[in-house]
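Asker: Under the heading active site, schiff-base intermediate with D-ribose 5-phosphate, Swiss-Prot lists B:Lys80. Annotated D-ribose 5-phosphate binding site per Swiss-Prot: B:Asp23, B:Gly152, B:Gly214, B:Gly235, B:Ser236, in sequence order. The D-glyceraldehyde 3-phosphate binding site annotation in Swiss-Prot covers B:Arg164 and is backed by experimental evidence.
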Amino acid sequence: MSEFKVKTGLAQMLKGGVIMDVVTPEQAIIAERAGACAVMALERIPADMRKSGQVCRMSDPRMIKEIMEAVSIPVMAKVRIGHFVEAQILEELQVDYIDESEVLTPADWTHHIEKHNFKVPFVCGAKDLGEALRRINEGAAMIRTKGEAGTGDVSEAVKHITKIKAEIQQYKENLKTESDFAAKATELRVPVDLLKTTLSEGKLPVVNFAAGGVATPADAALLMQLGCEGVFVGSGIFKSSDPEKLACAIVEATTHYDNPAKLLQISSDLGDLMGGISIQSINEAGGKNGARLSEIGW
Amino acid sequence: MTGEDFKIKSGLAQMLKGGVIMDVVTPEQAKIAEKSGACAVMALESIPADMRKSGKVCRMSDPKMIKDIMNSVSIPVMAKVRIGHFVEAQIIEALEVDYIDESEVLTPADWTHHIEKDKFKVPFVCGAKDLGEALRRINEGAAMIRTKGEAGTGDVSEAVKHIRRITEEIKACQQLKSEDDIAKVAEEMRVPVSLLKDVLEKGKLPVVNFAAGGVATPADAALLMQLGCDGVFVGSGIFKSSNPVRLATAVVEATTHFDNPSKLLEVSSDLGELMGGVSIESISHASNGVRLSEIGW
């Protein structure tokens, strides 16, 4: 468990920061210069993956390596849900964090990776408290919302962080006896101790970041005000007309998330933002625009 | 089944253990596979990714084409026949291929009966997505089992599901206490009690069990090996990639060194464009054809 403390402690260092998806060393340098606390090295950004309908896998380690060499901030990379060999490979590459991500095509529809078996810290997505605690119980050192990556629609991320907070509040009030706790822990499929710690602290035992659909400084500040401890930005930045400016603005907004005057200043004159695709239209298209990513993982 | 024959046939299949079997459609591809270290090749007229798209009836390949491939390499050559089409199997046996795959990738010729494989001298490989299916095939004489992952998709998750399920079912059945319980499960699975007992005693199938369907990267091959497969079939993945020679070698290396992360990192780097594929989820929604793992029983 002490190793788990080291890993969650590492993730604590990202608190208040912005992690940006990048597909080239050039983009990684822009992200670093804009003040990103880490970058996520990808072959393609989620907005393009969604469109393709193809199988999405771990990126070429050579490409990740080039990004690692281009910047001095931590580099994260994604593996498929349950693909523990992709994780072994990225650990060997010495990336700083691994994201076991629903954005890629799952390799196992029943088992997530046993993350306690690794030295490298993992981040995982969660849309409710049970999912967050199951991932933490498997060894995740960091949680993020499972907003709809590649859409530029912030509403799912908002839903997930609100839900987790509401559940913590509700269980805190309603669970009284030992048997209440035990029953809820069984229902959520997590150890009762983990549930108790979470409820007594009133928050998850690891950092919880916003991810999926964040496209503007106002989106980032919204999620921070809702209780997120940092922000992942994917397609939003490099699908906009002035990535450098937008990247800086989102970093500023995440830092000064409760300062409206500052938010007004940095939200002005950002050029064309990511067009995106609304979540409603994904639902209406009945799968034609790809499935809902937040439905993947359990 | 005649015990001696089965021993010889399943022993032959044991020799492929730890190896990679590659789908090839031309003698040139077969040579690439051999040079990359494949332990056998599967001779096909078109690879599963293209068959899926065509929506046509898929049958045994032209024996002349299989013969050309047999003449071009010295490693064992396998060929596919339709489920239940024992005459295709007779023809392929007469051609003297090394193994026959009674395959759900082709259009089934009989939706009730699989081929009585113990009537043949040539060893058969068959797909199975759970323990019952594996034991039924072995009982019919299959000398080798493989998962029934979704061929032609490049999505490894079905193959993962099948190998995990077989392993879990063996474990669960090992908890059975009484003779009666075992007899009941055997009846449910429609297999002889003695076969089931043998499996439970050894904790594994009495024949080799390979991974097949959706394997597209060295990491996929190593994943399935770590999950307990004895070797790997690679289909569309290799020759749908931008650099087949390099990928073929990498998959062979990854299958050999499946639990060595530094080796896996080395062989996974700089492989070029991999097979794009089609995710299994999108098959469920769309017009990309039916799920192959639903074929066969």
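Placed from the backbone N, Cα and C atoms, the Cβ positions cover glycine too.
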Asker: Where the record says B:Asp23, B:Gly152, B:Gly214, B:Gly235, B:Ser236 bind D-ribose 5-phosphate, what is the longest distance in Å from one Cα to another among those residues?
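Answerer: That value is 12 Å for the farthest Cα pair.
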Asker: Can you filter B:Asp23, B:Gly152, B:Arg164, B:Gly235 (the binding-site residues) down to those whose Cβ is less than 8 Å from some Cβ in chain A?
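Answerer: So the ones by chain A are B:Arg164.
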Asker: Please list, in sequence order, every residue of the chain apart from B:Asp23, B:Gly152, B:Gly214, B:Gly235, B:Ser236 whose Cβ lies within 8 Å of the Cβ centroid of the D-ribose 5-phosphate site.
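Answerer: The answer, listed by sequence position, is B:Ile47, B:Pro48, B:Ala49, B:Ala151, B:Thr153, B:Gly154, B:Gly213, B:Val215, B:Ala216, B:Val234, B:Gly237, B:Lys240.
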Asker: Please identify which of B:Lys80, B:Arg164 has the densest Cβ environment, defined as other Cβ atoms within 10 Å, among these recorded positions.
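Answerer: Going through B:Lys80, B:Arg164 one by one, the largest Cβ count within 10 Å is at B:Lys80.
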Asker: Can you grab the distance from B:Gly235 (D-ribose 5-phosphate binding site) over to B:Lys80 (active site, schiff-base intermediate with D-ribose 5-phosphate)? Cα atoms, rounded to a whole Å.
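Answerer: Checking the Cα atoms of B:Gly235 (D-ribose 5-phosphate binding site) and B:Lys80 (active site, schiff-base intermediate with D-ribose 5-phosphate) gives a distance of 13 Å.
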Asker: If you measure from the Cα of the residue listed as 'D-glyceraldehyde 3-phosphate binding site', which of the binding-site residues B:Gly152, B:Gly214, B:Ser236 is the nearest?
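Answerer: With Cα distances computed to the residue listed as 'D-glyceraldehyde 3-phosphate binding site', the winner among B:Gly152, B:Gly214, B:Ser236 is B:Gly214.
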Asker: Whose Cβ, among the binding-site residues B:Gly152, B:Gly214, B:Gly235, has more other Cβ atoms within 10 Å than any of the rest?
Answerer: B:Gly214
Asker: Cα-Cα separation of B:Lys80 (active site, schiff-base intermediate with D-ribose 5-phosphate) and B:Asp23 (D-ribose 5-phosphate binding site), in Å?
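Answerer: Answer for this pair: 10 Å between alpha carbons.
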Asker: For B:Asp23 (D-ribose 5-phosphate binding site), write down the residues of its own chain that are at least 6 apart in sequence and whose Cβ falls under 8 Å from its Cβ; none is a fine answer.
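Answerer: Sequence-distant Cβ neighbours: B:Val41, B:Met42, B:Leu44, B:Ile47, B:Pro48, B:Phe233, B:Val234, B:Gly235, B:Ser236, B:Ile238, B:Phe239.
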Asker: Just counting, how many other CB atoms are there within 10 A of the CB of B:Ser236 (D-ribose 5-phosphate binding site)?
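Answerer: A count of 25.
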Asker: Three states by DSSP: which one describes B:Ser236 (D-ribose 5-phosphate binding site)?
Answerer: helix
Asker: What three-state secondary structure does DSSP assign to B:Arg164 (D-glyceraldehyde 3-phosphate binding site)?
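Answerer: DSSP call for B:Arg164 (D-glyceraldehyde 3-phosphate binding site): helix.
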